[in-house]
Amino acid sequence: MLPRGRPRAMGAAVLLLLLLLVVGFFLFGRDPDYGLGTTATLDEDPYRSRNLSASSPQLLLPPKCEMLHVAIVCAGYNSSREIITLTKSLLFYRKNPLHLHLITDAVARNILETLFRTWMVPAVVVSFYDAEELKPLVSWIPNKHYSGLYGLMKLVLPSILPPSLARVIVLDTDVTFSSDIVELWALFDHFSDKQVVGLVENQSDWYLGNLWKNHRPWPALGRGFNTGVILLWLDRLQQTGWEQMWKVTAKRELLTLMATSLADQDIFNAVIKEHPHLVHPLPCVWNVQLSDHTRAERCYLEAADLKVIHWNSPKKLRVKNKHAEFFRNLHLTFLGYDGKLLRRELFGCPNQFPPGAEQLQQALTQLDEEEPCFEFRQQQLTVHRVHITFLPHQPPPPQPHDVTLVAQLSMDRLQMLEALCRHWPGPMSLALYLTDEEAQQFLHFVETSPVLSMRKDVAYHVVYRDGPLYPVNQLRNVALAQALTPYVFLSDIDFLPAYSLYDYLRASIEQLELDSRRKTALVVPAFETLHYRFSFPNSKAELLTLLDAGSLHTFRYHEWPQGHSSTDYSRWREAQAPYSVQWSADYEPYVVVPRDCPRYDPRFVGFGWNKVAHIIELDAQEYEFLVLPEAFSIHLPHAPSLDISRFRSSPTYRNCLQALKEEFHQDLSRRYGSAALKYLTALQQARSRA
């Protein structure tokens, strides 16, 4: 007979054994091949609880000054926009220095080098790698995915990243962070000695093969893994013979599957199916996948659980999802977030400043905020973020006499773009001064316009708003620097050129036998109408009829006649051939010049003297001004800008402009010596007349 306490002990032992069997079933009973024992699947509640533990207090974070490394493959115009939103979300939450390793094509590199150089974010290092070097390594793999060859390049990252780099987080451009990336980096410490890659389980049934009839996916463990967020332990990867491993697997599977459907993700999963010990499953909140067939809602309970949102559907923000509106709003928050605010982060780490930022900050702190012209001085020192070729752009084939129209505008002038495209069939380079939010409105405006969406030879460059004064000459310089043709027509957005002007300018350049060695500025006579609706003249004869009838006027004839008087409109009426004119004080014609002409003086911001200074520079460099007899451009009426209103109403504003003029002439004297005396004399005479 057993002692009275013995049955209770045996009962407890049986219960404990049953509990262990249940736990073992959950950990190891899901899939004969899925013996990872580290996380549960989307179909099971334990998965949710374990994944939500990612932010638990037990997570040991690296030191605050440890550099975190992030690799991103980015190609083309659209991905270059996507990566900015991703970067904003990264920077918003991060507390560690970041080193971004960007594998780019030539288009993306040109865009992103300019953007990050002008963004000047502290404690961020950016390195670029040429994606062309990786193409031969993956071009043998047929790929049905819309990402093309670039979607396979994560397989070969170890061959292009520095050998000294041990660990890196690899991201797709279509992810948005809602947490500090250092928490993700800390998960490297959870890897076993044999694990080389960290991935989140795929959150759809794609790899189960039951989405539609005869669907045959690549092999995977259970649901497989998604490669939108990857933790790569690079040195271990090399030691395992990764290159040989994935190539052998890919070649074997391609014998029957013929092509990848999900690019690198298919090959990663096939390798992991064969070598499950290589993968460390990550908590699902680090890659909440919003694909067409996602079951991601099983991963999170509330917004605080989310770490990374992955828009991995071709539909992107238009994907149908139970919580799509919430995710969309989170993404749109960063889309419209003012990127300049991310410059002001405080890091107690050495070498946190980007090149030139420390000197710039010192110059700004030396300014006297009580000085009347403080705004002008501050604006001169402002470095604006610049996103060149904001939209897809197809430059025209090179032609020896081709001309690009160059102009700048702000949001309130967008309505001019369609009319300008109808009048000018040639290439254009336009700089837009916008906030981050306005840039998205502009994007929508172009995409929904039948006229603008068809014009791929128009390059739009966004200069992000920063400061109270309009940086007109910096905008012009941005647009001018991005022109790709031998000649440029330096215009303004409120002007519509004659319908025939583009062809006429090219023919004139050829007939006059101009080349870059001949310093010539072709003057396009400027006119204006005070009517919002009028019949645009198709020829010089029609224009003269409207001029005689009082429907048109020479530009600014009643406010600023000296600005265009040297063009000599009386002579132009009768002219049959180009004629030469001399510079005079305050002359500011619209001209066609070689692309390598002098840049505009960026000290002139707001309203006043910005074009005048440029024409003086052309004259000082001995450009000849030739007026074209059949050319014309017409200014349309519009509401006055804020800057011109301030110029008219504020004596301080006008005094500051006068101070800038004097500084400009002092610089001219230093550069051109006695040859610049005539410009100073003209300025003094104009001041005495005033």
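From the backbone N, Cα and C atoms, a Cβ is placed for every residue, glycine too.
The annotation topological domain 'Cytoplasmic' is assigned in Swiss-Prot to 1-8 on the grounds of sequence analysis. Residues annotated as topological domain 'Lumenal' in Swiss-Prot: 30-690. Per Swiss-Prot, N-linked glycosylation site is recorded for ASN51, ASN78, ASN202, and the stated evidence type is sequence analysis. Positions annotated as region 'Xylosyltransferase activity' by Swiss-Prot, on the basis of similarity to another entry: 68-343. Annotated Mn(2+) 1 binding site per Swiss-Prot: ASP172, ASP174, in sequence order. What Swiss-Prot lists as region 'Glucuronyltransferase activity' is 344-686.
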Neighbourhood of ASN78 (N-linked glycosylation site) by C-beta distance under 8 A, where only residues 6 or more apart in the same chain count:
PRO392
Do you know offhand how many angstrom separate ASP172 (Mn(2+) 1 binding site) and ASN202 (N-linked glycosylation site) by C-alpha?
15
At the level of the C-alpha atoms, what whole-angstrom distance separates ASN202 (N-linked glycosylation site) and ASP174 (Mn(2+) 1 binding site)?
16
DSSP on ASP172 (Mn(2+) 1 binding site), three-state: which is it?
coil
Can you tell which of ASP172, ASP174 has the most other C-beta atoms within 10 Å, given these are the binding-site residues?
ASP172
I'm checking region-level scores; what's the whole-number mean pLDDT for the topological domain 'Lumenal' (30-690)?
89
